[in-house]
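Report on the following structure.
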Amino acid sequence: MSKKILTALCLTGLLLHAEETRPKNIILFIGDGMGIAQVTAGKIAKGTLEMERCPVAGLASTWSADHLTTDSAAAATALATGTKTDNGMLSLNPEGQRLKTVLEIAEDQKKSTGLVCNCAVTHATPAGFATHVPSRQQYVEIARQLADSDVDVLFGGGLAYFSPSNAPSCLPQLQNKMPLATTAEEFYALGTPEKAAALLYPEHPPHVAERTVSLKELTQKAIEILVQDEDGFFLMVEGSQIDWAGHKNDAANIISEVIDFDDAVGVGLDFAEKNGRTLVIITADHETGGFAVIDGTLAEKTVSQTGFIHKKHTASMVPVFAEGPASSRFSGIMDNTDIGKTMIELIQTSE
Ligand SMILES: [Zn+2]
């Protein structure tokens, strides 16, 4: 083989390698309150989890700037911006200065962006990616900032916060930019516009058995819309209610919410495997309940005995799974801010 051909081959290899390590799209799945025991319980009940398709696994510490045990607002800020803040704050640093989020940086790169959750879209985790407020309780202000943002896909609940009784409605502003579905029928009739919002409940959606549109269906539709952008996309999908079941020390609901979340993860991984240029990251914002699995049967897929430490969050590390270009960056032990920093670096260098 001539030296020239060898050099050409090496260069092609380098180029291929460079491309492989730079995702065009990122899908971040956050299981709120999903610690290792929650994943374990889901696996026992489901048999095999979609998450297990990820070749890369790691652990992330979740402490916030002012507490060893984080809340969802500080954790969302860490994941979205790569910077720690105080509990309760959304994408502002502890001094109140605005922090740019991975979603906003993706928009700067002309990528499309989406937020999908099974809580009100004004709740801490989705809000942390596109709004900046000192208190996560400022739902009406969060709705106003979301309506004002460049988010292209906004799926969840929380319609009431967009047209509150005590403040001007920001729904017209949202609807000027994109079609809005407020019922399951309207959601299924959305088609694939360039942007879309679905605020399917006045506040939070009910628990899994009563939800009219599944997280899996929301995720599928979000990907169908976002993939139309040839510049790529960033999508955050939250399984919001694993945490709420943890707060109630309700093992059965933890399991059904983890399985529901995992079904949505499967849609993301199916897309990533076909697409080849999509990084999928699955993690949690914190663990809830100090949950443990004590007994059950693999053959019958049952979890018969569980335990909880208390009804709040814990400081335990959370699992991280990844698949796709640059997924190896998410192996080993990291901090939640490392996940944010790495996503931002990858989005900034993405073509
Ligand atoms: Zn919680």
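Placed from the backbone N, Cα and C atoms, the Cβ positions cover glycine too.
Whatever TrEMBL says is automated annotation, not expert-curated.
Asp32 is the only one of Asp32, Asp66, Asp295 that TrEMBL places in the Mg(2+) site (with His123, Thr125, Glu238).
Using His123 (Mg(2+) binding site) as the reference Cα, a 10 A cut-off selects Ser72 from the recorded positions Asp32, Ser72, Asp243, His247, Asp285, His286. Other residues of the same chain near the Mg(2+) site, with their Cβ within 8 Å of the Cβ centroid of Asp32, His123, Thr125, Glu238, are Ile30, Ser72, Ala76, Cys117, Cys119, Ala124, Pro126, Gly239, Ser240, Asp243, Asp285. Listed binding-site residues near Ser72 (active site, phosphoserine intermediate): Asp32, Thr125, Asp285, His286 (candidates Asp32, Thr125, Glu238, His247, Asp285, His286; Cα-Cα distance within 10 Å).
The separation of Glu238 (Mg(2+) binding site) from Asp32 (Zn(2+) binding site), Cα to Cα, is 7 Å.
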